[in-house]
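Visitor: OK, TrEMBL features for this one:
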BINDING   15, 16, 17, 18, 42, 129, 131, 215  NADPH binding site
BINDING   130, 156, 157, 186, 209, 222, 227, 228, 231  1-deoxy-D-xylulose 5-phosphate binding site
BINDING   155, 157, 231  Mn(2+) binding site
DOMAIN    9-137  domain '1-deoxy-D-xylulose 5-phosphate reductoisomerase N-terminal'
DOMAIN    151-239  domain '1-deoxy-D-xylulose 5-phosphate reductoisomerase C-terminal'
DOMAIN    271-387  domain 'DXP reductoisomerase C-terminal'
Ligand code: NAD
Ligand code: MG
């Protein structure tokens, strides 16, 4: 029997690519979902549109000027949504008692505190913001276990693995009959480019992903394959899988979203059109199924599915992520923080594309071993890594 109770949802990062897709799915099921709060950094126009359509109780703008503008525009439009401002309000609308589910779709470390607040408050946490889990790892999973939160992956690969793993895996990976988790990767826009040609790649070229339309940061991460590296670490924490059991295979069509290989030779995969509304709808309704707006997969039309092994010389960021996962402690947090700084510098035209990996590698080498057993320790590791990464970026800056 479907649960007839309306689910109240907060969307962190509502104006982004995942946020917009989430509202698209929610808008198809007004009898199941109501929007409690929408949040954004500073995109006023999109937020006015979203508040007018979905009438949330709260809208949070992190930027104070944007909050002022939004308040005035919503008042003029006769919309009763209350506008809050500042980063602290993100955690408030994520943990509020009225909220059932939180879509964590802020990009980068900025999403850590509100996502952790949702986990600590025992919400159904729909996790798109992989950087939050990469940064806080054990701390985040402990918070989920302590509060009884329900953590569901939105990242298409992890959602596919979640759908393909046996329920016993997390309790006892050794006895579950799983041999490997196979994360698929598109290989991004430079899968076939000569490595020398990558020297002069521009931000727009890096963001032109062949299969997915996404925010600019994750698009660059997909081009360098740091996205897949972060996903290996994400899979480790989400499912409790050791690094040696997680493999990456390039699959340019992005139709198989990931697979689980069992010791009896069975491989279970989840397939679908590359559209994030599928994992979003899956996680929102789990364990039920709802219409996501995504059309049926036409395998005959696609006709060919191909696979390649990733070339670690072309994609050094993938090797760095495995290295950080194996090193443990703060290394994944350092990797993610250095990557955010390097990608931002690249997008601003201050760092060459090929230097992104160099900056991350140099930062990992320079940051000593740190424990990350509290939110404060995670934030300190993040801040320290950014400082070192910025120094490394300046040394390699294109303007010098
Ligand atoms: P995006 O850039 O399109 O949107 C980011 C959202 O976060 C926006 O609403 C923005 O206002 C908000 N935001 C940005 N900086 C902020 C800050 N400092 N404080 C508060 N809010 C801030 O990004 P996206 O592509 O939607 O990705 C969001 C997250 O989901 C990322 O972690 C990404 O890795 C993950 N993800 C995205 C996709 C995808 O298809 N786009 C797929 C899998 C995972
Ligand atoms: Mg993904």
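Positions of Cβ are set from backbone N, Cα and C atoms, glycine also.
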Visitor: Cβ within 8 angstroms of the Cβ centroid of 155, 157, 231: which residues besides those meet this for the Mn(2+) site?
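Guide: Result: 130, 153, 156, 158, 159, 161, 183, 227, 228, 234, 235, 258.
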Visitor: Tally the residues of the domain '1-deoxy-D-xylulose 5-phosphate reductoisomerase N-terminal' (9-137) by DSSP class, grouping H, G and I as helix, E and B as strand, and everything else as coil.
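Guide: Split into helix, strand and coil, the domain '1-deoxy-D-xylulose 5-phosphate reductoisomerase N-terminal' (9-137) gives 63 helix, 28 strand, 38 coil.
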Visitor: Checking the binding-site residues 42, 129, 155: which ones have Cβ within under 6 Å of ligand 2?
Guide: 155
Visitor: With every protein chain in view, how many other Cβ atoms are within 10 Å of the Cβ of residue 157 (1-deoxy-D-xylulose 5-phosphate binding site)?
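Guide: There are 28 of them.
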Visitor: Using DSSP, how many residues of the domain '1-deoxy-D-xylulose 5-phosphate reductoisomerase C-terminal' (151-239) fall into helix, strand and coil, respectively?
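Guide: The composition, in the requested order, is 46 helix, 11 strand, 32 coil.
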Visitor: So if I measure Cβ to Cβ from residue 17 (NADPH binding site) and keep only same-chain residues at least 6 apart in sequence, which ones fall under 8 Å?
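Guide: Result: 213, 214, 215, 276.
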Visitor: For residue 209 (1-deoxy-D-xylulose 5-phosphate binding site), list the number of other Cβ atoms lying within 10 Å of its Cβ atom.
Guide: 19
Visitor: Comparing the binding-site residues 42, 130, which residue's C-beta has the most other C-beta atoms within 10 angstroms in this structure?
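Guide: Answer returned by the neighbour count: 130.
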Visitor: Between the Cα atoms of residue 231 (1-deoxy-D-xylulose 5-phosphate binding site) and residue 131 (NADPH binding site), what distance do you get, rounded to the nearest Å?
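Guide: Computed Cα spacing between residue 231 (1-deoxy-D-xylulose 5-phosphate binding site) and residue 131 (NADPH binding site) is 9 Å.
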Visitor: Tally every other Cβ atom lying within 10 Å of the Cβ atom of residue 131 (NADPH binding site).
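Guide: Result for residue 131 (NADPH binding site): 28 other Cβ atoms within 10 Å.
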Visitor: Checking the binding-site residues 15, 16, 129, 157, 227: which ones have Cβ within under 6 Å of ligand 1?
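Guide: List returned for ligand 1: 15, 16, 129.
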Visitor: For the C-alpha pair, I'd like the distance in angstrom between residue 130 (1-deoxy-D-xylulose 5-phosphate binding site) and residue 42 (NADPH binding site), rounded off.
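Guide: Distance between the two Cα atoms comes out at 21 Å.
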Visitor: Indicate the candidate from 15, 129, 227 with the smallest number of other Cβ atoms within 10 Å of its Cβ, considering only these binding-site residues.
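Guide: Fewest other Cβ atoms within 10 Å, among the binding-site residues 15, 129, 227, is found for 15.
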